[in-house]
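Among the features that TrEMBL reports, Mg(2+) binding site is placed at N150, D210. What TrEMBL records for 55-73, 80-96, 108-125, 132-152, 164-197, 204-227, 291-310, 316-334, 371-390, 402-423, 435-459, 465-485 (among others) is transmembrane segment.
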Amino acid sequence: MPTFTLKLVLILAVILSTCALSLVLTPLTRSLSAHFGWVARPSGSRWHRQPTPLFGGVAIFLSVAILVAPFLPRLWEPRLLALLAGAVIVFAVGLWDDFVKLRPVTKLLGQIIAACIVVAGGVMLNMGEHKFLSVLVTILWIAAVTNAFNLIDNMDGLCAGTAVISSVMLVVYSVMSADPLVGLFAASLAGASLGFLRYNFSPASIFMGDCGSMFIGFLLAVLSVWATSSYVGDLAATLMVPVLVLSVPIFDTTFVSFTRLLRGQSIAQGGRDHASHRLVILGLSERRTVLLIYAFSLIMGATAVLYSYFTISIFFVVSMVLVSGAVVFGLFLGEVKIGEAQLPAVMAQRKSNPPAVLFATVLHKRSFVEMLLDVVSICLAYYTATLLRYENELTAERLTIVWRTLPVLISVKLVSLYAMGLYRSMWRYLAFADLIHVFRAATIASVLSVLAVLMIWNFKGYSRTVFVIDWLITLMLLSGTRLLFRGLRETLPGIRRNSGKRVLIVGAGDAGEMLVKEMLNNPRLGYQPVGFLDDNPAKRGLRMYGVEVMGTRADLGRILIEERVEEVVIAIPSAEDEALLDFFVRCGEVGVPCRRMQAVI
């Protein structure tokens, strides 16, 4: 049997075996936890609504341990010993925390000790000659990812499912380019997490607890470092691959940390302000929220796996585009009102918290983050333009030109964009006129950049084609980040149409557009627009914000019954009294309230 096929068969056997163990051990753990009263009880800072057994992490830990144990005598080496010792320490600290609730600093101490053991065993990020930096960054990485998985264990199935996807990505990566030990441990963790997910997906009948989330986070953090440590001096592989594979916990932890710092709230404090909670507030069900996050994790992980097929330059560009998209997504989620009861008190405490005041002062304007995103876009545009112009063949001389030119481009373009008023627009209300403004600003910025290069270097060694491509890509990226934000705002709030009073809107014109938009964007109104009526038959079947024009006035009676309409709102400011009376009478005949939308002016 070919070596590659044999690897796949062995990995599949490991996943299925560990999954079977977890499927057996998890219900046993659940029964024991329920019997002894080891349950997580609902609280204001937690998402679940009923007491749920804990210690599912014990089943995950035992499943991995039982599967891996027979392989240890043949695969023994210092890195493996260090990994096992660190994993046991982290699991023990998490288990202890599940029983007695340790202070965050105590848990962090245990995680750092475990990370130090792993580094001492020889597992660390490879940064070439910078050994001190390699040791420091590896320890911080392991501690950060361990805590990140602990933080995303905030909704049924989220942590376990993310662990399955991340583990599978590491398995695939290890088969193609890394150490087989990484594949063995990642496959066993994937199987154990998958078996546990059977009982943890919404509605969960058992939680993994800190012993499970910390154990999973620690293993994935170490394995992601181990998988890329063979790339000598290759910072793209050393840093970007682990970040992409573990993007979900990293994104959520970064997002929560920033938003809590802005509120003057402790990062270690529990709460219902995570990305997953905000998606539910937007109108997604818990299951759809978790599945959406799975998809995000899958896309990022697949990008990391495809590193082997990319050049470093292309991989870097693709990675940065994805990271920029994640930042825009974070900006969008940051606008979601979480409505927690403790927030007023937290905000009141900010005055006595100087770091929070400083942080909020710096970031209270969105333009700060928007400008940082544009800096990334400007850099990516010029770098990508150079790659395309020279067909991915960047010599040392060409790279030198890129690095010396970027500061000039960033300065000139940012000043131009600022002077053109690009940072005075609101992304949530982006319209076609704003895109024209972006086009004008990007064009002027590119022209001024070319003039600056001409004045400083007289265009010696530069390609004019690069600047044409740079202009096009800059325009695409500047428009794309803003359109992505607007697209999220238009798409996600529309999901909440599955709840509220069922309303039929009469008039698919400007007033109707304004009305349905407000209904979709403001869940507090409690309205669910089911469709439009319009006397223009050409509009039948068309959609506005996803809401269909179902017919004309003649179809009113049928639609009221078929769509179970609870209220009719007439959004025709110029409607004549006779037409209004007809609507009121026909709605009254079937007992459906009817009212006219009040004029704004």
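Easy rule for this one: first residue shown is 1, then count along the chain.
Just so you know, glycine gets a Cβ as well, placed from its N, Cα and C.
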Result, the transmembrane segment (204-227) in contact with the transmembrane segment (55-73) (3+ CB pairs under 8 Å): yes
Most Cβ pairs under 8 Å with the transmembrane segment (204-227), selected from 80-96, 132-152, 316-334, 371-390, 465-485: 132-152
Neighbour count (Cβ, 10 Å) for D210 (Mg(2+) binding site): 26
Those residues of the chain, 6+ apart, with a Cβ under 8 Å from that of N150 (Mg(2+) binding site): G94, D210, S213, M214, G217
Other parts of the chain folded back onto the transmembrane segment (465-485), taken as Cβ under 8 Å at six or more residues beyond its ends: 324-325, 328-329, 331-332, 373-374, 377-378, 380-382, 384-386, 388-389, 409, 413, 417, 422, 427-428, 430, 434-435, 438-439, 441-443, 445-446, 449-450, 453
